[in-house]
Amino acid sequence: MNTPFNNYLTNLEKAAKILNLSEKETAALREPNKVIEKKISVALDSGEQKEFNAYRVQFNNARGPYKGGIRFHPAADISEVKALAALMAVKCATVNIPFGGGKGGVQCNPKELSAGELEKVARAWARAMADDIGVDKDIPAPDVYTTPEIMAYILDEYEKIKGRSEPGLITGKPIDLGGSLGRGTATAQGAVYVLEELIKMLGKEQGQLTVAIQGFGNAGYFAANILHNLGYKIVAVSDSKGGIYNATGLNPVEIMKIKEEQGSVTNAAGAQIITNEEILTCDCDILIPAALDNQIREDNTAAVKAGIILEISNGPTTPAADKILREKGVVVVPDVLANAGGVTVSYFEWVQNRMGYYWTEEEVFAKLKPIMVKAFQDIWRFAEEKKIALRDAAFILAVERIVKAMRLRGRV
Ligand code: GLU
């Protein structure tokens, strides 16, 4: 079965084999250290009391405190959150920042909840998890459909319970509560740093390359914007309601205006309407999945036309699709590298909170770029040397680092 967690296990087993890990070492990475699954109850505006499933999965903390976002989504079940927590451990090790991996979630549809109800859900999540999270223990952040405002409610609730200020508890906060400059665009900016290095390696001309982006949330929108400003041609974008394609190019700022005013990118005039499935196989040089997992699968991969896939979302490509893409000669920049700019600036936010001293946006990006570039170059060279895919190279380098830390702690 193509569950996100099974996909993680397939990638783990491949890395474990090449690294010659013992059974005990591999087993330690097959299951999370701790799974917290609770029911939270919230009074809706209608007066009805509603229960939601709330999760935090603490996957591995050998390299540092658990780190990872919280998503509010109807599909956020325990299998997905477990997979995302595992990917966070691999991601933090890929870019070599001193964190482990965790992930949280609330199974809910935020589009059906009012702002007040969302605040209650966030505060209830914080109360349910207060004893398991903390600046030196487990540091949450935003993910799909969670925002800096939600982070602020979680921080406030947690600090009330603990009776102390602890801004480094959570990252992706509003700037006025200790958030880092640059965090909002960090995922997209990090992905673009990696893409530009890849394009140099491939010896391609950057200007005029065409780009399709599935998902117009925080990461997808900023990626579209940064690439547009660099001279790439954005030919297709989509949101949860569908997508648009225009071979002559789209202006992301104008499309965002339409989405904000009319609810969806599909209301833009002069573009061909396409589905979220069609955007994956549209005519483009670079495909950027920036929505949900399991999008590029065995059944639709043959039709992919892009030569480069830059995974801004977590887990968009299944292992079976990876195999077909490699045979087709498509270069896949894996999520654990491509979207690691977000958690890297979360790390900077945590560092700044602990120092109580804040950096300019220029300083943040000047620190982010070398981390992304080095991670890309290490993975690229290793993949070339071993004649393997970038995902396999990233997993091998990351798993090796995690296992080294587990060995040093005498855990395996
Ligand atoms: N949710 C983001 C991710 O999947 C960011 C996590 C973080 O900043 O801790 O990488």
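Backbone N, Cα and C define each Cβ position, glycine as well.
TrEMBL annotates LYS91, SER346 as substrate-binding residues; of LYS67, LYS323, LYS367, LYS369, the candidate listed for that same site is LYS67.
Of all the binding-site residues in the list LYS67, ASN218, SER346, the shortest Cα-Cα distance to LYS103 (active site, proton donor) is found for LYS67.
LYS91 (substrate binding site) sits 12 Å from THR187 (NAD(+) binding site), taking the CA atoms of both as reference points.
Screening the recorded positions LYS103, ASP143, THR187, ASN218 for a C-beta under 6 A from any atom of ligand 1 leaves ASP143.
LYS67 (substrate binding site) sits 12 Å from ASP143 (site 'Important for catalysis'), taking the Cα positions as reference.
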